[in-house]
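Features reported for this protein in TrEMBL:
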{"type": "SIGNAL", "residues": "1-18", "note": "signal peptide"}
{"type": "DOMAIN", "residues": "42-350", "note": "domain 'Glucose-methanol-choline oxidoreductase N-terminal'"}
{"type": "BINDING", "residues": "V119, N127, A128, M129, V130, V269", "note": "FAD binding site"}
{"type": "DOMAIN", "residues": "477-613", "note": "domain 'Glucose-methanol-choline oxidoreductase C-terminal'"}
Amino acid sequence: MRSSLLGALLPLVPLSAAAPAEPVKVPRHATVVTRQTLLSNYTFIIAGGGIAGLTLADRLTEDPSVTVLVIEAGPLDAGQDGILVPGAYAPWYYFWPGLNTVPQTGLNNRTISAITAQVVGGGSTINAMVYLRGDADDYNAWGALGNSGWSWANMLPYFKKAETFTPPSAALAAAGNISWDDSVRGHSGPVQFSYPNYFYPGSANWWNAANEVGLPPVNDPQSGSKQGVFWIPSALDASTMTRNHARRNHYDRVKDSRPNYHLLTSNVVGKVLFNGKNASGVCYLSTTSTSTACSSNVYATKEVILAAGGFGTPKILQLSGIGRKKLLQKFGIPLVTDLPGVGQNLQDQPTLSVPYTFTNNVVPNYGSLLTNATYNAEQHARYDAGQSSAYTLVSSLSSNIGVLSLQKATSSYRQIIKAAALRDPALSLPADVDETVLAGYTAQRTAILKQFANNDVGVGTVHWSTADSALVYHLKPLSRGTVTINSTNPLENPLIDFRTGTDPADVAVYTALFRKNRALFAAPSMQALGPTEAAPFGAQLTTDEQIYAVMRDQINPSNAHQCCTAAMMPLELGGVVSSEQKVYNVRRLRVADISAWPFQLSGAPMATVYAAAERLADLIKKEYCLAGAC
Ligand SMILES: Cc1cc2nc3c(=O)[nH]c(=O)nc-3n(C[C@H](O)[C@H](O)[C@H](O)COP(=O)(O)OP(=O)(O)OC[C@H]3O[C@@H](n4cnc5c(N)ncnc54)[C@H](O)[C@@H]3O)c2cc1C
Ligand SMILES: *[C@@H]1O[C@H](CO)[C@@H](O)[C@H](O)[C@H]1NC(C)=O
Ligand SMILES: *[C@@H]1O[C@H](CO)[C@@H](O)[C@H](O)[C@H]1NC(C)=O
Ligand SMILES: *[C@@H]1O[C@H](CO)[C@@H](O)[C@H](O)[C@H]1NC(C)=O
Ligand SMILES: *[C@@H]1O[C@H](CO)[C@@H](O)[C@H](O)[C@H]1NC(C)=O
Ligand SMILES: *[C@@H]1O[C@H](CO)[C@@H](O)[C@H](O)[C@H]1NC(C)=O
Ligand SMILES: *[C@@H]1O[C@H](CO)[C@@H](O)[C@H](O)[C@H]1NC(C)=O
């Protein structure tokens, strides 16, 4: 494969030739190219060069007295069209290999391949570019779980700091119903975001049908509430109409001026090294190593920061001796601290594709790209010429999307909330769960049930590609899963159990979302296209039981939004990190990535991962008086 070949050739990418004088060379894995230099110690070592990792590395190296090493399991992307051109979207180049769930008991025991990135930039390099904040209550509720300093009001400046919004043309905004509130959008940050410059005519039918079933136009989905329909903000650089990923905005953008920013690619952090309870560095090995143990150490003079994503971070913690005592004992891993919350609380945002056929669909639609070679060639040529083009839309997505509260999804919302409130939370977790983790889940459940009653918080998303399928996303699951090491080999994948659909409230909410999508297709503006809900669904499925019986076989437990496996909550609530994202009971170790979230947002993760890393960078700068922070 082209991509992995390039990765093998570029294992270490120092930022310039101006490496510090007389660097100490430490042994590296034999397959590593030897022209580069690694220092024996860095001020900060970051495990994982995804969204959170690169954002922090950029911000911390603003101080020239600081040195940062990012160790990333994947290579630099090769700039393929499949990465950079939205309409050529091909994320599979950089999927983490061999990752599967264990059989999902709530989903007919299906085993599903679990998707996460293994590439510099992490998810931002291969994701669907949806750049969407959560709702205000999400951050407020995280704060109310005992995380001081977390609220929508505190996050808003960081959302803005993170990004630069480029508006669409006035003509497109008017024709396409694009609206926004400039006061909540950033204008000078590194992440470029904008909108595609094209829409399929059928997306107007969908928009109007959504309006007809109570999903009105939203002025700005980034303003803390988004009940209705809106254009999807996209992590798209409007100057080139290409993906703006963390590799671009937090590495390429600054690399020429940052000799203190080092990136070691295609290497895996195996574990954190400790000096007593102080994190002192990491050991690492080549991602393609045939050895099963770390061979090389590198040291951090201030902190080790974990940013390896929702699967990677709990795995590193467990391998390092931070996790549930029972588990670590089973593998003979010396205990650094017993934190039973590590690897618990796994959540994602399940997805469901609902197929449709049409007697009267409008063309062109997304399907035209696949079936009409003339249209495809024409749109490709227009894209290459910098004109409006379907290639500015992420392949398989259309331009607009809808988010809905539980009240908007179903008039039965009170019954759903009541039944969920009566359920013993312990029934929703694995039988042998630690009592602190149960206490934390109980607190989360209360917070999420409040959100179910709040008409400003989304619980689901609906979308239509304009071709043969609709998508229904479940944003706020109550089911909780686990990530657990299965050996001490850092190159072996952990056991992933989403436990999707094991909580009956999730079944009720998701079925309600399915029905709302069905209602949208039954509204006059969609009926004009002659849609028929197709197999394995169909109009013959009328009861909730019949519908969910098919859903159980169709739901994908993941939208690659895996989170919350090293949750920020008080220790007595099974938390792993404090509100400053410091791992409890040890020093000099933080978690920067999506693992630290308590629970899923009413949105997509990317925008919040960027903003939360901006926030954390400021906290760290203040703590150590870096870059003039004090
Ligand atoms: C295919 C796909 C589509 C998605 N679509 C969207 C979307 O449209 N909108 C949206 O908001 N979100 C989307 N997401 C999710 C979003 O990209 C992630 O939630 C986000 O990237 C998480 O950021 P992070 O920094 O926590 O982790 P990541 O960005 O995943 O970064 C973690 C990095 O750590 C590396 N790593 C893991 N373990 C180790 C180790 N032991 N040593 C060294 N490195 C390690 C990984 O290779 C990875 O690069 C999508 C994700 C995928 C994969
Ligand atoms: C870090 O490395 C430098 C050489 O690059 C060395 O002079 C210094 O003593 C090291 N510091 C620690 C704490 O190991
Ligand atoms: C799933 O597997 C479990 C445990 O092996 C079993 O008890 C259950 O009956 C299975 N469910 C289905 C639907 O096959
Ligand atoms: C925009 O909104 C108007 C008014 O509701 C509607 O007539 C039109 O079809 C919509 N167009 C799109 C592209 O959503
Ligand atoms: C750990 O760090 C603290 C200060 O952060 C220091 O007082 C202590 O001596 C260190 N312990 C070890 C074993 O290095
Ligand atoms: C295919 O696309 C071309 C160019 O846009 C268009 O003229 C033609 O009508 C399309 N054919 C069909 C069958 O839709
Ligand atoms: C977990 O480890 C056991 C014992 O080594 C092995 O048999 C099993 O295949 C592993 N499971 C996965 C999913 O890797």
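Positions of Cβ are set from backbone N, Cα and C atoms, glycine also.
Annotations in TrEMBL come from automatic prediction, not curation.
Here the features listed in TrEMBL are placed on the structure.
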| residue | record | Cβ contacts under 8 Å, 6 or more apart |
| --- | --- | --- |
| N127 | FAD binding site | P91, A117, A235, A560, M606 |
| A128 | FAD binding site | Y89, P91, V394, L397 |
| M129 | FAD binding site | P86, S234, A235, L236, R243, V394 |
| V130 | FAD binding site | I232, P233, S234, A235, V394, L397, I401, A604, M606 |
| V269 | FAD binding site | A47, G48, I71, V282, C283, Y284, A308, I316, P490 |
When a 10 Å sphere is centred on the Cβ of V119 (FAD binding site), how many other Cβ atoms does it contain?
30
DSSP three-state call for V130 (FAD binding site): helix, strand or coil?
strand
V269 (FAD binding site) - helix vs strand vs coil (DSSP):
strand
Using the residues the record lists for FAD (V119, N127, A128, M129, V130, V269), what whole-number Å value is the largest Cα to Cα distance?
29
With DSSP as the reference, give the number of residues of the domain 'Glucose-methanol-choline oxidoreductase C-terminal' (477-613) in helix, strand and coil.
48 helix, 20 strand, 69 coil
In three-state DSSP terms, the structure that V119 (FAD binding site) belongs to:
coil
Per-region confidence, the domain 'Glucose-methanol-choline oxidoreductase C-terminal' (477-613) (mean pLDDT, whole number):
98
